[in-house]
Amino acid sequence: MDTRLTNLYVAAIYKVILCIFGIIGNMLFIHLIYRRKQLQSKTSIFQCIQCFFHIFCSIGTVQNGVIDIGDTYIRSECFNQITYYVFFQAAQGLLMLHIVLDIWFFVKFPIVYRNISKTKSIIFSGIPILIFSIFTTLYGFFTTNDDTIYSCSPPFAFGPKAGVLYKYLFIVLALIIIIIYCIIIRSFKTRNISTTSQISFKKTITRLQLTVLIFFLSWFVSQVLGLIILEISNYPKWLGMLLVHNVFFVCLSYSNTFYVTLLKSKDFYSTSRRRLQGIMWRSSRGGNSNSSTQDQLISMFSSKQSVYIRAIGFIYIRYTQPPEDLWNWLKYLPAAVVTVFATTAKPSRTAKQPTRRRRVAVLCRRAKPSPKVSFSL
C-alpha cells in the first residue's frame with residue numbers, strides 16, 4: 001500500500017468517526033431544545049434547524065471517499081449523487097449568517113426583538129434561505145459536465161469556474177459572520193454596567209469569543225483550503241496529501257454544535273440570554289446597585305413603603321419567567337392578598353370598616369418579609 005492510499009484511509013476513518021459524533025450531537029441538541037421549553041428561543045430554534053441541515057451534510061461527507069477510496073468520478077454523475085448535500089450545505093451556510101444577525105439584533109434592539117413572534121421570524125428567515133439553496137443547486141446542475149474528478153464533493157461537482165465562484169461566495173459569507181461577531185463582542189465591552197454585572201458580561205464575551213474561534217478554525221479554514229485546491233492545478237505530492245485533510249475541518253464544522261454548547265454553558269446559551277435581560281435591566285437603571293437581581297426582588301417583596309413596589313417585583317417576574325414557573329412565585333404573595341381574594345362577603349362600608357383597597361394596603365404593609373427564594377435570570 002503506497003503512502004497516498006494510506007493517507008486516504010486515514011481521512012476516511014476520521015470522516016466516519018466525526019460523522020457518527022456529528023449525527024449524535026445534532027440529534028441530542030434538537031432533543032434538548034424540544035424537551036426544555038425555557039430554551040426555545042428564536043436563536044436556539046434556528047440552531048435546531050441548522051443541526052437538521054448538518055445531519056444531512058455529515059452523511060454527504062461519507063457518501064463518497066470511504067468505501068470507494070482511490071476511485072475517480074464523472075462530475076455530472078457525482079453531482080446527481082450529492083444533490084441533497086449541495087442543497088443542505090448552501091442552506092446551512094446562509095443560516096449561519098442569519099443566526100449571528102439574530103444575536104446582533106437581540107443585543108441592539110431587545111424590545112423590538114421580543115415583540116417579533118417566533119413563527120413570523122422563522123417564516124421570513126426561511127424564505128430567503130430556501131430560495132438561496134434552490135438557486136445554488138440549480139446553478140450547480142446547469143454548470144456541471146462530464147469531466148473526471150478525484151473527489152466527489154460540492155465544489156468539485158460544479159463546473160471549474162462555478163466551483164471557484166461557489167467557494168468565494170462562502171468565504172465572503174464567513175467573513176461577514178466573523179465581522180458581525182466582532183461587532184457584538186465590542187458592543188458588550190463598551191457597555192456601561194455595574195460591578196456585579198461585569199462577571200456575567202465577561203462570561204458572555206468569553207462564549208462569543210469561543211464561538212468565533214471555533215467557527216474560524218472549522219468552517220472558515222475549510223473554505224479557504226477548498227479554494228486553494230480549486231485554484232492550484234499543479235502542486236507537489238506532499239501538499240496534495242495535506243490538502244486531502246481539508247475534509248477534517250468540513251466534518252468538524254458539521255459536528256461541533258452540541259459539544260461546543262456544553263463547553264460554553266451548563267445552562268445553555270438561551271438561559272444565558274435570560275440572565276442577560278436582567279443585567280441589561282439593571283444597567284439601564286444606572287448600574288449603581290451592588291446586590292444581585294434576586295436580592296433586589298426580595299427587597300421589593302418585603303418592602304413596607306408601598307404595595308406598588310411589591311406589584312412591580314411580581315410584574316418583573318411575570319415578564320421574565322416562563323408561564324409554568326409563575327405559580328411557584330404566587331405562593332410568596334402576602335397573606336393579605338390571599339385573604340382579600342378569598343373573601344366572599346361584602347361588609348357595609350362604615351367609618352369603622354375601611355374599603356377593600358385600604359385594607360389591602362394596610363395588611364401588605366404589616367406582612368412579614370418573604371423568605372429567600374431561588375431565582376436565576
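Residue 1 is the first one shown; counting continues down the chain.
Each residue, glycine too, has its Cβ placed from N, Cα and C.
TrEMBL does not curate its annotations; it predicts them automatically.
Pulled from TrEMBL:
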type	residues	note
TRANSMEM	12-33	transmembrane segment
DOMAIN	25-264	domain 'G-protein coupled receptors family 1 profile'
TRANSMEM	45-62	transmembrane segment
TRANSMEM	82-101	transmembrane segment
TRANSMEM	122-142	transmembrane segment
TRANSMEM	168-188	transmembrane segment
TRANSMEM	208-230	transmembrane segment
TRANSMEM	242-263	transmembrane segment
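Among residues of the same chain six or more beyond the transmembrane segment (122-142), those with a C-beta under 8 A of the stretch's C-beta atoms are 42, 45-46, 49, 79, 83, 86-88, 90-91, 94-95, 98, 154, 157-158, 162, 166. Cβ atoms under 8 Å from those of the transmembrane segment (82-101) belong to residues 43, 46-47, 49-50, 53-54, 56-57, 59-60, 63-64, 125, 128-130, 132-134, 136-137, 140-141, 152-154, 157, 170, 173-174, 176-177, 180-181, 184, 215, 219 of the same chain, restricted to positions at least 6 beyond its ends. Outside the transmembrane segment (242-263) by six or more residues, the chain places 7-8, 11, 14-15, 18-19, 21-23, 25-26, 28-29, 32, 47, 50-51, 54, 57-58, 61, 65, 153, 210-211, 214-215, 217-219, 221-222, 225-226, 228-229, 235, 269 with a CB less than 8 A from a CB of the stretch. Residues 93-94, 96-97, 100-101, 103-104, 107-108, 201, 204-205, 208-209, 211-212, 215-216, 219-220, 223-224, 227 of the same chain lie 6 or more positions beyond the ends of the transmembrane segment (168-188) yet place their CB under 8 Å from a CB of it. Counting residues 6+ beyond its ends, the transmembrane segment (12-33) has Cβ neighbours under 8 Å at 39-40, 44-45, 47-48, 51-52, 54-55, 58-59, 61-62, 65-66, 69, 247-248, 251-252, 254-259, 261, 268 in the same chain.
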